[in-house]
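Here is the structure we will look at.
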């Protein structure tokens, strides 16, 4: 695989994993996936797909036409009529096969992610693996879908409630986890009897394309999962289409709020995971070496392009003296193309992302922050045109600074200081986001106080990125989430299903002689 990846530089012209055809510009065009088939879009409006390490155009992504998007929904709607009545055991078997196929094609999926998104190959495999765990959880759907029964609620009367699928659902995915986020969505939706239309990010759609092909190979019927491509018009189509009953979204604040408001206004169920500013509180009694290693990895891994990246370190008390050692660890990280051996940090997804990160670093300098490590001007030999920013540490940051108020989404660690734990908790709770946080300490009482008082949805105790395994739910809160049912776990099953309750009365000798006009009193 590494030899194949070596051949992508600098032009990245072989993307055999795509269903593609050659456009006039000689770049392959990414196809739609409708009714179990790769479909060439008839649009004349395309978006360039570039390799972030080189900025070479490797494919053209269509902005699908309204007719093509409607065809995807119609396909999902037709498939739902049969799929909803398919035995949960049959759907379970599809999930068993899908997880085996994903394992088989792990390296192929990771290669696609590295070429399109930029993250390192080991990190790309981690992207796939964490999504795979959701597929494995979906394999237990017969148990997860079990309902509730109470016999003899009244004389000769029984009541039972059970979960039924919603219908056609939609998933709108971000660029930063091209495999994991689609796998948060469509396996749970399909396992519970729904069908789905997926809109992957136009910046890296290849992994999603591969995954739906694997779903077909696993026995998922045609039409149960479809892919459309596009930008704003595709998002609004999903929000407005009356046949789509629920929307799952992961991405930025502006899009997340728009999708939640527009989708909810149209009567849809919406779960919207948005921005974050995740704090790591460093206590002086923590294991210094382990803590600094964990903090470095959580801040700079995936070039900081994770919604659960630990972007803000709060050094408490004597731990403030640890900053020079943290800087030294970050200095030793290797920045290079994601397919290069021993790379720690790959490129940012786009030129626009790099420009935003550089703007926020510059704002920190102007607003009085210290910059003990500045990766703004890094040059990667052989990849001078890539979207690279080196590891950067901004120290002495105050809550009113732009670099703290805005989500940076790059390899930049903001460092703040606190006199004590109470002050650190106050900093976190005053921030509008509530996705994740962590504390590093060897004191159980400190950890317990932090857990009880911090207002954040996901907390790590000596765990830098506390993303729960899928038997639990991803529980970001406050400004990081809109909706009332989170992703995967029990909440995920609830999101993609609704209750139906049946009350039945059977009596061999009915004795009612006249209508009972008062409201029934069950005894």
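Just so it is clear, glycine is given a Cβ too, placed from its N, Cα and C backbone atoms.
Per Swiss-Prot, transit peptide is recorded for 1-22, and the stated evidence type is similarity to another entry.
All protein chains included, residue 407 (NAD(+) binding site) registers 20 other Cβ atoms within 10 Å of its own Cβ. Residue 407 (NAD(+) binding site) falls within neither a helix nor a strand when secondary structure is assigned with DSSP, and so counts as coil. Per Swiss-Prot, the feature NAD(+) binding site maps to 175, 199, 202, 407; the stated evidence is similarity to another entry.
Residues or ranges marked as active site, nucleophile in Swiss-Prot (evidence: sequence analysis): 307. The Cβ of residue 307 (active site, nucleophile) lies under 8 Å from the Cβ of 176, 250, 273, 275, 276, 435, 476, 480, each of which sits 6+ residues away along the same chain.
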175, 199, 202, 407 bind NAD(+) per the record; greatest CA separation between any two, in Å, is 24
Ten-angstrom check, please: count other Cβ atoms within 10 Å of the Cβ of residue 202 (NAD(+) binding site), all chains counted. 19
Restricting to the same chain and to sequence separations of six or more, state which residues have a Cβ under 8 Å from that of residue 199 (NAD(+) binding site). 170, 171, 172, 173, 227, 228, 229, 230, 234, 235, 238
